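Novice: Sharing a structure here in structure tokens format.
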Amino acid sequence: KENSPFLNNLEAGKGGDYYDKNLALFEEELDIRPKVSSLLGKLVNYTNLTQGVKEHEEAESTDAVKQFSYMGTLMGVYLPCMQNIFGVILFLRLTWMVGMAGVLQSFLIVLLCCCCTMLTTISMSAIATNGVVPAGGSYFMISRSLGPEFGGAVGLCFYLGTTFAGAMYILGAIEILLTYIVPQAAIFHPSGAHDASSAMLNNMRVYGTVFLLLMAVVVFVGVKYVNKFASLFLACVVISILSIYAGAIKSIFDPPEFPICMLGNRTLSRDQFDVCAKTIVKDNITVASKLWKLFCLNTNLTTNCDEYFLLNNVSEIAGIPGAASGILKDNLWSNYLEKGEILEKAHHPSVDAAGQKNNLHLYVLSDIATSFMVLVGIFFPSVTGIMAGSNRSGDLKDAQKSIPIGTILAIVTTSLVYFSCVLLFGACIEGVVLRDKYGDAVNKNLVVGTLSWPSPWVIVIGSFFSTCGAGLQSLTGAPRLLQAIAKDNIIPFLWVFGHGKANGEPTWALLLTALIAELGILIASLDMVAPILSIILLEPKALSFLGMSICLALMFISSWYYALVAMLIAGMIYKYIEYQGAEKEWGDGIRGLSLSAARYALLRLEEGPPHTKNWRPQLLVLLKLDEDLHVKYPRLLTFASQLKAGKGLTIIGSVIQGNFLETYGEAQAAEQTIKNMMDIEKVKGFCQVVVANKVREGIAHLIQSCGLGGMKHNTVVLGWPYGWRQSEDPRSWKTFIGTVRCTTAAHLALLVPKNVSFYPSNHERYNEGNIDVWWIVHDGGMLMLLPFLLKQHKVWRKCKMRIFTVAQMDDNSIQMKKDLATFLYQLRIEAEVEVVEMHNSDISAYTYERTLMMEQRSQMLRQMRLTKTEREREAQLVKDRHSIARLESLYSDEEDEADPVPENIQMTWTKEKCDSEKRNRSSAVGTFRDLISIKPNQSNVRRMHTAVKLNEVIVNRSHDARLVLLNMPGPPKNTDGDENYMEFLEVLTEGLERVLLVRGGGREVITIYS
């Protein structure tokens, strides 16, 4: 091998990846900075499971995850949201709301509630599209985006809301069952005329508890049974809504027959009599009707009866006049009632008279006092359910895309249905029928069912099954939400609810959910549970400012006392999670407040290293000053300002060589100069100038000690040592490499802008061009993050981003390109992707000659050292120039100087000295001849091959790029090769106008997770 200057493919392949000729420059660090192809291969198989949850990460390897069929937007988000949004309120209370509030105010109620959910969805979409959405739905999105305090408080509110929603759906199902399907199934019966309400509530409690137990058993046995019936329940909802539209169309030319019996302008409860008349003709004889008997208590036509009954006529009007009747104009305006008030038809002929109180049960009465605020609280649960899609995030094929599109489309669809139903109800149904909550005036028929076609039973049966399905979904989702919160262990006393059956089903959480839902069942009134549910579900939705404003307004409109209680509970949960016994500090005025806030923030930052999602480059910029203490390369500051855009931490550091006591004034002057330059370049940050005996030590001190607590730099910006080749003094590049090693040891990232004088100023604008990223090895993702941050600045904003990565012979370049595009999509980075294939070609003669020249030059410089006598002659000159040399260079220090020499040197030549000098010179000449026969080191040949080949493809593709970002190889572990390392970097970046060499700090700085 030594006899051959070239390495053939066979020899190169024996060593595996570490001896890949095309990546030889990076081979010493491939264990911690893997090839891009290796990284992308791992990323392809990522799952939607949440980071940081051990149980979830363990589940990654189970067969269930591997065999699972992921759902798209339609089945995974749109239809589940539709099923959860449509429900009990649409079928049982929307007609009543239109009757009480009128069409116009009903439109306003629907608009307010739908705007609230739409704003919430937009906020949720912003989080969902910020990265991969982990399994766990809304709780995980909020807790991972806003922190555990908000996540815990909001998550528990969602849990309680979902649980009470289950109770509300069950109560709705029982109301449909006992009122419209089998009224005879009632266990409790009214003992008197005024006891009907309490009997109904008791029936609701008993049947509700039975239904709750049955549903809990179904959920306990297995969620697969719930999912199997989900399609059936959704079909019931869709068919029921279609029957409403069909009935409304039919009512235009053939309205259904549902006559309403009126006494004067009062509405009578039709289920207690058959004929709407005071008298009937029987065998040619006029006799008292059943209605007469109810009001007069006997059949004698001359008996004194209820005065209002005697003075007013009984008449029949159409309950469903139809869409062509013009009834809409009568239903436009509100008609709010107090509790116990009789439903009356405006402008209907009537004689005012006092009636008997014991006959009130014969009329249709308002069971609760109504107002705009009350109706908002009752209606709002009918627009919730928007989290159904996000709760299935772990089951979605592309949650980032499906959650926003599916949820927004579901809200738009349901909003249109609600608006159209409000209009149709107002245009087709008589006002007194609309205000009749339980259908007493239409013979105990469901009011919305009277409009449906072909039969009212379509709506009755459909609404019953849909409410049962929605109840099952709530009882399925709520325990899982509580289990997720418990597993995160942010509320310690809930830990027991994180456990369940062997298959992960949350048994204990289901038990607690059933107990809380039972509280809602015991309330027994749908109209009482709905406002509670509204308040609980409104609070977590206050994420955006506008959304927060609307939510707070709706909370207090619905029920101000429930709103205060809910806010108090949420606040207590938040403080409980946050509570750490932080001591308060009292100061004076704004400065004291600022100091206290800064201290609190610094202590919070001190708790641990930042999460990958929060990582941003916090810069320490090492500046070089000239002899006059002026900044030599101000474009370093320009680059820093463009990268940071005034955000985060920027520290500008510089080193002055000398004694602190003697040069304190110079340090102060240098600091002021740097601050002035920072103002000019619009760098928001801090300045720190260090005085040290040796520049290299000063830089080490800056790297170690800059910053305070958690506000420390994590990235060093270092200038390139220009002219190192021309200088015979090795100190300039030795300081540079020493600084590179210091940053690596401190686990800091490193940025080296090469040719920084050609970087754009803050006043320039690039209207076109590319920022090219050459991603050769993965060292934490800095190469992805930096161009994204630069593009936030106006100078680089219009530049396009291109990402190149290198494929070796054994890599599938097509698959690599596809995987890289997927990775960038998850990061929300728009960039053109290209995979460059580098074949294992033989090392060229040019590479060999270049390596040979490098080694000959290095050897020559080592042998051109001055003789001792000549060094002594130079010492006096060095001493005379000492004050200037002290400031000569940031990258040139005097630590390698020889021992101090006496001030007066006696130059005396002796014969021995003369002979010794001649021998040294003849030896040097002989050594120069030996340089010709030097054989280059094979390791250096391979590294030079990497540099030459990479430079060739980079210049070929990126010669016209505005900026090229490139992985910076690490310095060799053996310090003897330091000078060669500098040569490799020069070869790697030859022919490129602006280059940014990037070295990661050994940790991930980007993540695909939201």
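Cβ atoms here come from the backbone N, Cα and C positions, even for glycine.
All TrEMBL annotations are machine predictions without curation.
Got these off TrEMBL a minute ago, pasting:
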type	residues	note
TRANSMEM	77-96	transmembrane segment
DOMAIN	77-252	domain 'Amino acid permease/ SLC12A'
TRANSMEM	108-133	transmembrane segment
TRANSMEM	153-183	transmembrane segment
TRANSMEM	204-223	transmembrane segment
TRANSMEM	229-248	transmembrane segment
DOMAIN	357-528	domain 'Amino acid permease/ SLC12A'
TRANSMEM	362-383	transmembrane segment
TRANSMEM	403-429	transmembrane segment
TRANSMEM	508-537	transmembrane segment
TRANSMEM	543-574	transmembrane segment
DOMAIN	634-751	domain 'SLC12A transporter C-terminal'
DOMAIN	764-1010	domain 'SLC12A transporter C-terminal'
Novice: Okay, the transmembrane segment (204-223) and the transmembrane segment (403-429): do they have at least three CB pairs under 8 Å, pairs separated by 6 or more?
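Specialist: Per Cβ check, the transmembrane segment (403-429) does not touch the transmembrane segment (204-223).
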Novice: Which whole-number mean pLDDT does the model give the domain 'Amino acid permease/ SLC12A' (77-252)?
Specialist: 84
Novice: Sequence-remote contacts (6 or more beyond its ends) of the transmembrane segment (362-383), Cβ cut-off under 8 Å?
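Specialist: That would be 85-90, 93-94, 97, 100-101, 105, 109-110, 112-114, 116-117, 165, 168, 197, 263, 266-269, 272, 294-295, 334, 336-343, 411, 414-415, 418, 432, 435-437, 440-441, 527, 530-531, 533-535, 537-538, 554, 557-559.
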Novice: Checking distant contacts: for the transmembrane segment (77-96), what same-chain residues at least six beyond its ends satisfy Cβ-Cβ under 8 A?
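Specialist: Here the qualifying positions are 168-169, 171-173, 175-176, 230, 233-234, 237, 240-241, 378-379, 381-386, 388-389, 392, 396, 402-403, 405-407, 409-411, 413-414, 417-418, 421-422, 425, 429, 433-437, 446-448, 459, 462-463, 466-467, 469-470, 473, 526-527, 530.
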Novice: Taking DSSP states H, G and I as helix and E and B as strand, how many residues of the domain 'SLC12A transporter C-terminal' (634-751) are helix, strand and coil?
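Specialist: Residue counts for the domain 'SLC12A transporter C-terminal' (634-751) by secondary structure: 57 helix, 24 strand, 37 coil.
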